[in-house]
Amino acid sequence: MNPNQKIITIGSVSLTIATVCFLMQIAILATNVTLHFRQNERSIPAYNQTTPCKPIIIERNIKYRNWSKPQCQITGFAPFSKDNSIRLSAGGGIWVTREPYVSCDPSKCYQFALGQGTTLDNNHSNGTIHDRTPHRTLLMNELGVPFHLGTRQVCIAWSSSSCHDGKAWLHVCVTGDDRNATASFIYNGMLVDSIGSWSQNILRTQESECVCINGTCTVVMTDGSASGKADIRILFIREGKIVHISPLSGSAQHIEECSCYPRYPNVRCVCRDNWKGSNRPVIDINMADYSIDSSYVCSGLVGDTPRNDDSSSSSNCRDPNNERGNPGVKGWAFDIGDDVWMGRTISKDSRSGYETFRVIGGWATANSKSQTNRQVIVDNNNWSGYSGIFSVESKSCINRCFYVELIRGRPQETRVWWTSNSIVVFCGTSGTYGTGSWPDGANINFMPL
């Protein structure tokens, strides 16, 4: 071959090889595309199906409350909340209430009260001085929110108690005939249990928060005479179900309207003796074995109303003092070592004014009367009413707080036909504080009749 022929031959062979390679690449590409579409056809459903979207449930590690932290060391009480319900009622749309209280879940506090089934600017408010009607319901709002028309009615009740066990709310709601009332136990929004009157004489309960420790809640209930011997029982409830009932034991003679607080691992209550004593009875509740003991606050500066003058009042820690025991008013106190913090009306005769103070040795020494850290909450020219305790868990300790019911209308203010209240709330503080007075503040002449 001459050189030109060699060049032509090499070029032809190269072109042939290149063509074959090109065709092979096309074949490979076609094969891949075919396989890809066949694979997709197998994975696509034959019909236009939809896959349901299931919610992802994230379970929080919710635990029962045990209140095992120590009690906060306080110097006194600082203002926390005031709802101004009566002043706001002058403009209408606020419930008529009484028997208010405060209780908290692990993250937020709520105010409760027993509504009268009417607003204040409504003719149905006439006669709401009466305690027990079938129209009364337990109201619940976030603390500081007055009971407006959108307020939740938790249950039917003319006597109640509520507490949160760390997982859900328990409400104890008493209603019905005086001689045959029913207490309903509502847990997590559902009716779980009930109990009927055992003495056929106005079954009633605390009108403030119950207490739950490690899932078991306890509440004090009374059935019987308001001015004589009554049948007092302490109920233990778990997730709304009554698991045990203990009778009152110890030296207390009469128990009503207890203000209870956790004293880990047990519960302690300071109550109202409506029969023999103006010194307040104490109930100690053992949450492990359901045993009960009772006595009286040792302080000679007694907490009930009416009462003797401080110079002549007394308490021996064990027995009612037989000093103006009837009728009485709901109140509170709590121990701090051998001392006692307490609140009471300023007037020894009527429900007016409100003060708090610490009595040195008032929990351990009979008739102790050394008072310190006194504060005026409501001056004596203004009406007060019931008061009670509630507990709040902080990062390091258990704080004690209290509320005061500020009653307006009848029986003291006869210009109007209704009876209702607002509240003011204070909590323990380790800081400093000033002075003041926090009455209801409504001008009765501005109010609907």
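Cβ from N, Cα, C; glycine included.
Model confidence over the topological domain 'Virion surface' (30-449) stands at 95, taken as the mean pLDDT rounded to a whole number. Sequence annotations record features per position, and here Swiss-Prot assigns topological domain 'Virion surface' to 30-449.
The feature N-linked glycosylation site is assigned by Swiss-Prot to Asn32 (among others).
Per Swiss-Prot, the feature region 'Hypervariable stalk region' maps to 36-68.
Marked as N-linked glycosylation site by Swiss-Prot: Asn48 (among others).
Taken from Swiss-Prot, the feature N-linked glycosylation site applies to Asn66 (among others). Contacts of Asn66 (N-linked glycosylation site) defined by a Cβ separation under 8 A and a same-chain sequence distance of 6+ are given as Ile213, Asn214, Tyr264, Pro265, in order along the sequence.
Per Swiss-Prot, N-linked glycosylation site is recorded for Asn123 (among others). Asn123 (N-linked glycosylation site) carries a helical DSSP state (H, G or I).
All protein chains included, Asn126 (N-linked glycosylation site) registers 13 other Cβ atoms within 10 Å of its own Cβ. Marked as N-linked glycosylation site by Swiss-Prot on the basis of sequence analysis: Asn126 (among others).
Counting every protein chain shown, the Cβ of Asn180 (N-linked glycosylation site) has 11 other Cβ atoms within 10 Å. Positions annotated as N-linked glycosylation site by Swiss-Prot: Asn180 (among others).
According to Swiss-Prot, the N-linked glycosylation site annotation covers Asn214 (among others), on the basis of sequence analysis. Over all protein chains present, the Cβ of Asn214 (N-linked glycosylation site) has 17 other Cβ atoms lying within 10 Å.
What Swiss-Prot lists as N-linked glycosylation site is Asn382 (among others), and the listing cites sequence analysis. Following the DSSP three-state reduction, the secondary structure of Asn382 (N-linked glycosylation site) is strand. Its Cβ taken as reference, Asn382 (N-linked glycosylation site) is surrounded by 17 other Cβ atoms within 10 Å in the chains shown.
If you look up Swiss-Prot, you'll see Tyr386 marked as active site, nucleophile. The Cβ neighbour count for Tyr386 (active site, nucleophile), using a 10 Å radius over every protein chain in view, is 25.
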Translate the DSSP assignment of Asn180 (N-linked glycosylation site) into the three-state scheme.
strand
